[in-house]
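Enquirer: Once you've had a glance at the structure underneath, I'll fire off some questions.
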Amino acid sequence: MRTRPLKVALLGCGVVGSEVARIMTTHADDLAARIGAPVELAGVAVRRPSKVREGIDPALVTTDATALVERGDIDVVIEVIGGIEPARTLITTAFEHGTSVVSANKALLAQDGPALHAAAERHGRDLYYEAAVAGAIPLVRPLRESLAGDKVNRVLGIVNGTTNFILDRMDTSGAGYSEALDEATALGYAEADPTADVEGFDAAAKAAILAGIAFHTRVGIGEVHREGITEVTAADIASARRMGCTVKLLAICERAADGRSVTARVHPAMIPLSHPLASVREAYNAVFVEAEAAGQLMFYGPGAGGSPTASAVLGDLVAVCRNKLGETTGPGESAYTRLPVSPMGEVVTRYHISLDVADKPGVLAQVATVFAESGVSIDTVRQQSRQDPDGEASLVVVTHRAPDAALSGTVEALRKLDTVRGVASIMRVEGE
Ligand code: NDP
Ligand code: HSE
């Protein structure tokens, strides 16, 4: 074993970074044995240097991340600051100084992955990012390496723990969205500003990364159709229950049947209670991968949190250090297929539509005609008279599979009917 240590610069020492530092210290001997050389924490860049950081030598702490990266003796940079800048410039600077990078930064990788991969390749260095998608769950490496000889056709999963916690609480306790969000915040599952999670930005970034790796193409963050969970109501959840379903925020990346294009989307969807994703509770993540030869694979585990995410970061650190000692690099970007990303309108899916309609003769026929004229086939219809003074009924229609554009066009046409007093909810149905 080499005695001279490999030097690691840790950029960020928050939820994830502090756990990375802790495990590097407590598992130093094991890491050294697995790598073939000791790894040494050579510097820790933070924003607030005076903050007490347990287990971190204050002499290592700096606010000058650029100087740390440019020092010249750093072997690996671990970027766990998050966000676009200064993370992007720091990672690029690391490559320019001959340093490989491990990052957990999904926002940056989804936005600038191709440029960062190109910079890594130009300088003959590694860029590893297992922690960027689904926390501790090994998913990036299985897609990049284990399934490199197969053809992945679909990736479907729950990749955001915060929203899964909220939807799970709504499902189990009957709570409304705001109440469940408050609970998630109180328990530390949701950040003070939960926008990135509840509006689906976080899951969309992960979907872009997953689609790119799975289909060997580039999927920009702007090409991922995104809907969050803020509009999901207790009534939607109850309606899902009546259908034997639950509601999950899903990230779905698919190769078209003709293989000539791909799609990537994030939205809430009803899934049957019998589907394995339905039993993914609290803040856990789970991802289904469907590959031509392998069939269906499921990955499950903690998708967030300091210690689980640090596990993925450290796995990457070991891999990058081994590459360094072997004077080689791991897999870079594989985007040779250059497949176009189709818009949401072309995605084939099913809708669950709940309508408030006038409770009088001929209404069901009118509604059915709108579906027929849009070329959308109805699977089931459930009508319940409310016996209220307005003479309204609830009409719940579940469609067969149809292009999303046809389904949303149907809903617009339904809204224009005099007898349709309101569209109470629309939700896609997946997983059957
Ligand atoms: P935190 O906000 O907890 O930590 C960020 C760290 O970066 C802090 O130590 C902060 O310093 C430091 N920092 C911020 N700005 C600068 C700067 N300009 N220069 C130097 N240091 C800076 O974030 P997390 O640990 O939660 O997340 C880190 C990354 O990991 C993100 O990309 C996130 O998306 C990703 N990730 C996080 C997961 C999680 O569960 N938290 C799960 C999966 C991925 P200071 O301590 O002084 O404030
Ligand atoms: N906010 C993210 C989540 C953290 O809830 O899943 C992990 O990426």
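In case you wondered, yes, glycine gets a Cβ from its N, Cα and C as well.
According to TrEMBL, the NADP(+) binding site annotation covers LEU11, GLY12, CYS13, GLY14, VAL15, VAL16, GLY17, SER18. According to TrEMBL, the feature NADPH binding site maps to LYS106. Look at TrEMBL and you will find GLU191 tagged as L-homoserine binding site. Annotated active site, proton donor per TrEMBL: LYS206, in sequence order. Under the heading domain 'ACT', TrEMBL lists 352-428.
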Enquirer: Same chain only, sequence gap of 6 or more: which residues have a CB within under 8 Å of the CB of SER18 (NADP(+) binding site)?
Expert: ARG53, GLU54, GLY55, ILE56, GLY306
Enquirer: Count the Cβ atoms, other than its own, that fall within 10 Å of the Cβ of LEU11 (NADP(+) binding site), considering every protein chain shown.
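Expert: Within a 10 Å radius of the Cβ of LEU11 (NADP(+) binding site) lie 27 other Cβ atoms.
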Enquirer: Whole-number answer please: how many Å between the C-alpha atoms of GLY17 (NADP(+) binding site) and LYS106 (NADPH binding site)?
Expert: 15
Enquirer: Near ligand 1, which of the recorded positions VAL15, GLU191, LYS206 have CB less than 6 Å from any of its atoms?
Expert: VAL15
Enquirer: Might you list, by sequence position, any residue in that chain lying six or more from GLY12 (NADP(+) binding site) with a Cβ less than 8 Å away from its Cβ?
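Expert: Spatial neighbours, sequence-distant, of GLY12 (NADP(+) binding site): ALA45, VAL46, GLU79, VAL80, ILE81, GLY82.
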Enquirer: For NADP(+), what surrounds LEU11, GLY12, CYS13, GLY14, VAL15, VAL16, GLY17, SER18 with a Cβ no more than 8 Å from their Cβ centroid?
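Expert: For the NADP(+) site the neighbour list reads LEU10, GLU19, VAL20, ALA21, VAL46, VAL80, ILE81.
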Enquirer: Radius 10 Å, atoms counted are CB only; among the binding-site residues CYS13, VAL15, VAL16, which position scores highest?
Expert: VAL16
Enquirer: Within 10 Å of each Cβ, count the other Cβ atoms, then let me know which of the binding-site residues GLY14, GLY17 comes out lowest.
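Expert: Sparsest of the binding-site residues GLY14, GLY17 by Cβ contacts within 10 Å: GLY14.
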Enquirer: Determine, using Cα-Cα distances only, which of these recorded positions is closest to LEU11 (NADP(+) binding site): LYS106, GLU191, LYS206.
Expert: LYS106
Enquirer: What is the interatomic distance between the Cα atoms of GLY14 (NADP(+) binding site) and the residue listed as 'L-homoserine binding site', given in whole Å?
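Expert: Answer for this pair: 14 Å between alpha carbons.
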